[in-house]
Amino acid sequence: AVISLLFSCSYAVSSKIEPFYKGGKVQVSFKDEKYIFCTCGSRVTVLEISTGKVVHSVEHDDQEDITSFALSCDDELLVTASRALLLKQWDWRQAQCTRSWRAIHTVPVASMTFDSTSTLLATGGCDGTIKLWDVVKQYCTHNLKGSSGVIHLVQFHPDISRLQLFSSSLDCGIRLWDLRSSQCVCVLQSHYSAVTSLSFSPDGGTMVSSGRDNICTVWDLESRKAKRTVPVYESVEGVVLLPKSKDFSQIGVKNQELHFITAGSKGILRVWEASTARCVYTQTLTTASENEVEEEEKDADSRSLMYLLHLPASSRLATVTAEHNILLYQLPDLTTQQQFVGYSDEVLDVKFLGKDDSHIVVATNSSQLKVFDLLTNSCQILYGHTDTVFSLDVFKKGFLFASCAKDRSVCVWQMDSGSGQVCCVARGSGHSNAVGSITCSKMKASFIVSGSQDCTVKVWDLPADVTATGLGVHQLTARTTEKAHEKDVNSVAVSPNDKLLASGSQDRTAKLWSLAGEGNLGLLGVFRGHRRGVWTVCFSPVDQVLASSSADGTTKLWSLQDFSCLKTFEGHDASVLKVIFVSRGTQLLTSGSDGLVKLWTIKTNECVKTLDGHQDKVWGLHGSRRDDRMVTGSADSNITVWVVSGPPVAHRRPRESLLQYCAVWNTNARNCQDAQVVLQVLLTHVPPEELLQYQGARNHLEGLIPYTERHMQRIGRLLQASMFLNYMWQKMRVAGAPSSMGQDEEMDTTPLAQPFFTIDREKEVEKEEEEDEVSITQKAKGVRVENGKSAKTNGTQHSESEESSDEEEHEDEMDQTRENVMKRLPVSSATQCQTAAS
């Protein structure tokens with residue numbers, strides 16, 4: 001209840017999902033296999049596998065792109081090569097460059113590798129030469145010439161005693177170099193395209209090479225001849241020999257013959273038996289529909305694998321896809337263990353997912369959807385669309401969401417609440433052009449609405465058993481189709497009660513539709529006022545208001561009653577791409593193509609905060625259900641999770657004014673009680689540090705202290721007097737109790753509702769005024785009353801001696817009454833009364 005009345009004043013970055021791999025070499029640490037080293041522009045990033053976070057990064061000062069790098073086998077040294085022809089040696093844990101030297105190559109280095117002793121470093125250049133460096137003694141040991149073109153592969157023989165180096169260049173041959181003589185011993189010819197990788201048997205006597213000519217070749221290194229050529233019917237980028245000492249029966253290995261795994265353009269891992277050239281196992285991938293072979297072929301390019309690495313210590317395989325995703329598989333069954341997205345390209349939409357918004361689902365410039373676990377940054381890659389996914393929306397409970405894509409289809413996905421695995425449960429198609437926007441029903445998971453570039457809006461009913469398991473993928477049919485606009489429909493939104501639909505279009509209008517009926521959509525009104533296309537429409541969660549953002553740089557609030565424009569928010573220098581309500585509908589968040597996110601207070605039209613966290617268009621913007629976080633996704637490939645910075649506080653200006661009023665009210669006894677009550681609330685709910693930041697707070701508090709002390713003293717005196725009177729009254733009633741009361745009877749000591757006697761203050765004042773007038777008159781006439789003489793007052797004569805005797809008799813009676821009261825009171829009470837009276 002308190003949060004609903006509060007405003008957000010700012011947001012701070014909680015976590016970021018940034019690019020860490022943009023193509024190039026990938027390597028895993030040798031000893032512990034805990035880190036993945038990736039090339040990312042001018043940096044080499046170190047990804048910790050357990051957390052999915054970049055823990056280290058090294059970067060060249062000249063900002064030149066890194067062309068290659070190599071990690072030593074003891075995981076201590078990292079050497080990088082840049083386009084500036086510089087080689088740098090790093091202490092990668094401290095991100096410190098310990099040595100740099102000029103490469104003797106005349107053109108950039110294309111490949112690098114260390115030997116097993118971490119002493120020799122081989123670099124292959126684009127100039128066709130290979131150079132070997134002693135990194136301990138810091139000098140060049142060999143300069144091997146003879147290759148033609150770029151040397152894209154260099155690799156030492158695992159048995160260092162042989163002192164052999166293998167290389168491959170554009171001539172498609174595999175050269176074997178004897179390092180003792182610095183001569184090329186032989187050229188292994190079998191491939192007709194680039195050789196991509198080499199894998200050696202544990203004894204070092206057998207080698208398998210893979211190439212982009214769709215074959216793998218098994219070599220006998222003793223005779224230096226090809227033993228077997230295996231056609232694999234795909235361009236192979238990586239090959240790994242399986243050790244014979246382990247059981248791989250789950251992936252088709254039934255004997256002790258030589259088997260190897262390939263990764264290539266088909267995007268799947270396959271196991272081959274070398275002796276028979278037969279594929280014994282093919283990995284299966286989860287797709288939206290097993291029957292859609294044509295769509296799988298269209299999506300093959302994005303799934304193609306570029307690298308295959310073996311992690312023997314943990315018995316895992318690591319693959320790298322063409323879309324810069326790194327996938328880890330567990331041997332011996334090849335189950336997916338972890339997935340990391342190295343580069344998201346342009347983020348088009350992002351939404352929170354899960355019960356506690358523990359995940360986010362991201363649509364990028366790709367046919368794949370990515371679901372990130374915000375705790376570990378681990379990712380699930382979802383295959384179902386065959387072209388770029390444009391928009392996402394999530395149902396109320398957070399486990400069901402919908403997507404739409406350029407392939408003219410819509411999909412509904414479900415996340416398992418226990419395992420977190422996501423699968424496609426429904427699909428619909430029917431639009432004649434790309435589907436650019438989608439929205440879900442708000443009350444329950446009953447329907448979705450899509451808007452397309454074919455200018456139509458479709459309403460899709462979901463089957464009641466859409467979330468049931470084991471029923472496959474449901475085929476959705478459109479309940480109704482309506483030509484909504486004259487141009488592309490950019491956005492659709494459903495009202496919180498599921499009775500209204502809003503649509504925004506490139507035709508510069510937004511429209512309101514009725515969803516109550518079972519038939520066609522009913523047009524209720526048109527919102528006109530934007531000067532350019534409308535990017536987003538959004539309903540308020542609390543008011544009958546619609547928000548729209550436009551390419552004209554403005555955000556407008558519209559009344560659903562008369563379709564008039566209530567407010568216009570201006571502040572972005574470019575198109576406003578997204579708008580959402582936050583703080584229980586009292587504030588707006590907008591994102592623009594200028595890379596800025598702005599927080600607005602609706603009541604005052606004030607931009608409270610501008611967040612500069614992106615370098616390009618912010619397409620994705622979504623708030624959590626608790627209003628304490630938001631997530632943004634940008635064309636710069638960054639995904640940022642923001643939290644409300646500091647405790648959510650109310651807008652300061654009302655509180656500052658309230659504190660000022662308290663200081664004024666407190667100066668008057670009549671209003672001091674109200675001032676103290678308000679002050680107590682402020683001191684209870686506002687931390688002292690924040691209270692002191694209010695404008696003029698110190699002066700107001702200094703003025704409050706002396707008046708508060710004076711009011712406290714006055715209240716203390718009144719309280720003491722009231723307690724004394726109450727005490728005396730109770731004792732006098734006890735003293736006057738009738739003697740006929742029994743011992744078991746109790747006397748009612750409850751104070752009477754009405755006072756026992758009253759004092760007419762007005763009569764007393766009149767009497768005092770009359771006495772003062774008589775005294776003044778007597779003094780003016782010089783009248784003196786002597787002893788023994790009488791005087792006339794108001795027509796009545798009294799002797800002074802009689803007045804004196806009357807006063808003495810009255811004093812005697814009062815003394816007698818006081819003594820009688822004191823005798824009946826307890827000794828302690830009588831003593832206190834005497835002390836108080838004195």
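Just so you know, glycine gets a Cβ as well, placed from its N, Cα and C.
Per TrEMBL, the feature repeat 'WD' maps to 102-135 (among others). Residue counts of the repeat 'WD' (102-135) by helix, strand and coil are 0 helix, 18 strand, 16 coil (DSSP-based).
The average per-residue pLDDT of the prediction over the repeat 'WD' (144-187) is 93, rounded to a whole number. According to TrEMBL, the feature repeat 'WD' maps to 144-187 (among others).
What TrEMBL lists as repeat 'WD' is 188-229 (among others). Sequence-distant neighbours of the repeat 'WD' (188-229) (same chain, 6+ residues past either end, Cβ-Cβ under 8 Å): 152-153, 155, 157-159, 162, 166, 168, 170, 172-176, 235-241, 243, 258, 260, 262, 264, 272, 274-275, 277, 308, 310.
Annotation source TrEMBL lists repeat 'WD' at 382-419 (among others).
Outside the repeat 'WD' (428-462) by six or more residues, the chain places 387, 390-397, 400-412, 474-498, 501, 503, 505, 513, 515, 521 with a CB less than 8 A from a CB of the stretch. The annotation repeat 'WD' is assigned in TrEMBL to 428-462 (among others).
Within the same chain, residues 436-443, 446, 449-453, 455-459, 521-528, 530-539, 541, 546, 548, 550, 558, 560, 563 sit at least 6 positions outside the repeat 'WD' (482-515) and bring their C-beta atoms closer than 8 Å to a C-beta of that stretch. Annotated repeat 'WD' per TrEMBL: 482-515 (among others), in sequence order.
The repeat 'WD' feature in TrEMBL is assigned to 527-568 (among others).
For 569-610 (among others), the entry in TrEMBL reads repeat 'WD'. Panel annotation: around the repeat 'WD' (569-610), residues 3-4, 6-11, 532, 535-536, 538, 540-543, 547-557, 616-623, 627, 630, 632, 634, 636, 651 of the same chain, lying at least six beyond its termini, place a Cβ under 8 Å from a Cβ of the stretch.
Look at TrEMBL and you will find 611-642 (among others) tagged as repeat 'WD'.
Feature annotation from TrEMBL assigns domain 'U3 small nucleolar RNA-associated protein 13 C-terminal' to 656-732.
Marked as region 'Disordered' by TrEMBL: 763-838.
Residues or ranges marked as compositional bias 'Acidic residues' by TrEMBL: 802-814.
Taken from TrEMBL, the feature compositional bias 'Polar residues' applies to 828-838.
Sequence-remote contacts of a segment are chain residues at least 6 beyond its ends whose Cβ falls under 8 Å from one of its Cβ atoms, and for the repeat 'WD' (144-187) they are 110-117, 120, 122-126, 128-132, 193-198, 200, 204, 207, 209, 211, 213, 221, 224. Outside the repeat 'WD' (102-135) by six or more residues, the chain places 67-74, 76-77, 79, 81-83, 85-87, 89, 141-156, 158, 160, 165, 167, 169, 177, 179 with a CB less than 8 A from a CB of the stretch. Outside the repeat 'WD' (382-419) by six or more residues, the chain places 285-288, 295, 298-299, 303, 348-355, 357, 359, 361, 363-371, 425-445, 448, 450, 452, 460, 462, 466-467, 474, 476, 625 with a CB less than 8 A from a CB of the stretch. Helix, strand and coil counts from DSSP across the repeat 'WD' (611-642) read 0 helix, 18 strand, 14 coil.
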